[in-house]
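Undergrad: Before we start, here is the structure in question, set down as structure tokens.
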Amino acid sequence: MTTAVAQQPMRSPRIVDSEDDSHLRPWEKISYGLGDFACGLSWNAVGAFLLYFYTNVALLPAAAVGTLFLLSRLFDAGIDLGVGILVDRTRTRWGRTRPYFLFTALPFSILLVLTFTTIDGSTGAKLAYAYVTFSLLGILYSFLAVPFSALMPMMTSDHGSRMQLGSARAIGTSVSVILATAATMPLVGVLGGGNERLGFALVALLFAVLTLAALFNLFVSCRERHHDEAPAGGAIWPHVGAMVRNRAWLVTFLFCTLNFLRFGCVISVTAFFAIEVMKAPWMIGILLPAVSGTLLLSAFIAPFLFKRTGIRRGCIAALLVAIGVHMLLPFIEAQHGLFLSLFLFAAILISLTMTAIFTMAADAVDYHEWRFGTRNEGLLSSGISLSTKVGMAIGTAIIAYVLAGAGYDPKAVSDGARAAIRWSYYGWPIAIMIVQIIIIAFWPMDGRHEAIRRDIAARNG
């Protein structure tokens, strides 16, 4: 270990607050969780219902919507990396990440409302409007999600505190998912008075106000304590090259991409599955919140589980059991109570892996500093943010293309379309979780994090 560290380049001094960062203030942890709530509330509403809104309210063709999701998110690839580089080079009196929360909150909230608003006109005009609003919303989301992901390793270097922040973030995600998925359709009905077009716009306005308040609180309440003193300089591509050679980051990126690919498939198809396959629209309000709402419970379980098993073994065990449960679900569809119970159990297991991702992303920054001598929090976090967008986009596009290929017509759903919806609901998650098990097997940080921190401290001391 000593020889390997001696071969690493010396790094620039870090700014380290004299405050003991292993004991963060309770409100700071809560505010960090509320920050994820702010990002997640709007984005989960988009992920869960925008496909439905475009096809059933705006009446856009499913195949065109699938292409819209895919192209917009691929465009975000460059945006996320650009924002990450900006974060690494940002130095202001408010810090490196916090200014982005302050100045992006309002325009993002406005774009959310515009995205869930449709215009009168031809299909081409409505599709063009959807491209503009959805793409701009994604760009602004990059200016929130990338700095937010970069904030955790700046707040604390203590692994235990990071796990607590990861749990707070998981709780924030869970609450946002529950609110976005369970409350959206009832609120659309109540606020719209039977007019879904008006209802979606008013719900988006409500969510925008909550998002704005939580982001302003994040700016005020959370502090940055650890980061490179000098802005990252030089050419960009050497930093990108180091990033893709960072094994911890690469595993996190691939694992996270697959997680959100599965997430995108499931939340996009759930409304169709409940209505057309289960013939139980009321199940939407249970199935959708369960997909990530169970993060609320897993946030309390994960720190104890992963402390004993490590992230690699814990995630593999959770995914193996979840796969087994998913294989049983098609055979018990008629038994709604048993179906929902097993589905919730599997969702809790999968949520444990999502909680792990938050900590993995922060640990990858320490691995990068140990391996390459610089932290590059912004660039590394941009890659993780990119993975969530690309995964969600591909997952949503897959479902849109499946619906189009099966000839889905909301006014007259065929048996073939129902079969495609049913297969998508079960088949894609199982296939994706199998690949996730293979990826997480290469996680390099279990049992090494404290030693790496000591090596970094010795080198910088």
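Every residue gets a Cβ built from N, Cα and C, even glycine.
Values in this document were obtained by computation on a predicted structure and should not be read as measured data.
According to TrEMBL, the protein has these features:
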type: COMPBIAS; residues: 1-10; note: compositional bias 'Polar residues'
type: REGION; residues: 1-20; note: region 'Disordered'
type: TRANSMEM; residues: 60-87; note: transmembrane segment
type: TRANSMEM; residues: 99-116; note: transmembrane segment
type: TRANSMEM; residues: 128-151; note: transmembrane segment
type: TRANSMEM; residues: 171-192; note: transmembrane segment
type: TRANSMEM; residues: 198-220; note: transmembrane segment
type: TRANSMEM; residues: 248-275; note: transmembrane segment
type: TRANSMEM; residues: 281-302; note: transmembrane segment
type: TRANSMEM; residues: 314-332; note: transmembrane segment
type: TRANSMEM; residues: 338-358; note: transmembrane segment
type: TRANSMEM; residues: 379-403; note: transmembrane segment
type: TRANSMEM; residues: 423-444; note: transmembrane segment
Undergrad: Which residues of the chain, 6 or more past the ends of the transmembrane segment (128-151), have a CB below 8 A from one of its CBs?
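TA: Counting only partners 6 or more residues beyond its ends, the transmembrane segment (128-151) has Cβ contacts under 8 Å with 32, 35-36, 38-39, 42-43, 46, 50, 54, 58, 60, 65, 68-69, 72-73, 75-76, 79-80, 83-84, 87, 96-98, 100-101, 104-105, 107-108, 111-112, 114-115, 117-119, 215, 218, 222, 224, 361, 377-378, 380-382, 384-385, 388-389.
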Undergrad: Can you tell me which parts of the same chain pack against the transmembrane segment (423-444), counting only residues 6+ beyond its ends and a CB-CB cutoff under 8 A?
TA: 247-248, 251, 254-255, 258-259, 261-262, 265-266, 269-270, 273, 277, 311-312, 315-316, 319-320, 322-323, 326-327, 329-330, 350, 353, 360, 367, 395, 398-399, 402
Undergrad: State the residues, same chain only, that lie 6 or more residues beyond the ends of the transmembrane segment (198-220) and have a CB under 8 A from a CB inside it; answer 'none' if no residue qualifies.
TA: 31-32, 34-35, 37-39, 41-42, 45, 49, 53, 57, 94, 98, 101-102, 104-106, 108-110, 112-113, 115-117, 144, 148, 180, 184, 187-192
Undergrad: Which of 248-275, 281-302, 314-332 has the most Cβ pairs closer than 8 Å to the transmembrane segment (171-192)?
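TA: Comparing 248-275, 281-302, 314-332: 281-302 has the most Cβ pairs near the transmembrane segment (171-192).
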Undergrad: Under 8 angstroms, Cβ to Cβ: which one of 99-116, 314-332, 338-358, 379-403 has the largest number of such pairs with the transmembrane segment (60-87)?
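TA: It is 379-403 that shares the most Cβ pairs under 8 Å with the transmembrane segment (60-87).
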Undergrad: By a Cβ-Cβ criterion of under 8 Å, what residues six or more beyond either terminus of the transmembrane segment (99-116) are in contact with it?
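TA: Same-chain contacts beyond the flanks: 35, 38, 42, 45-46, 50, 53, 83, 87, 90, 92, 130, 133-134, 136-137, 140-141, 143-144, 146-148, 200-201, 203-205, 207-209, 211-212, 215-216, 218-219.
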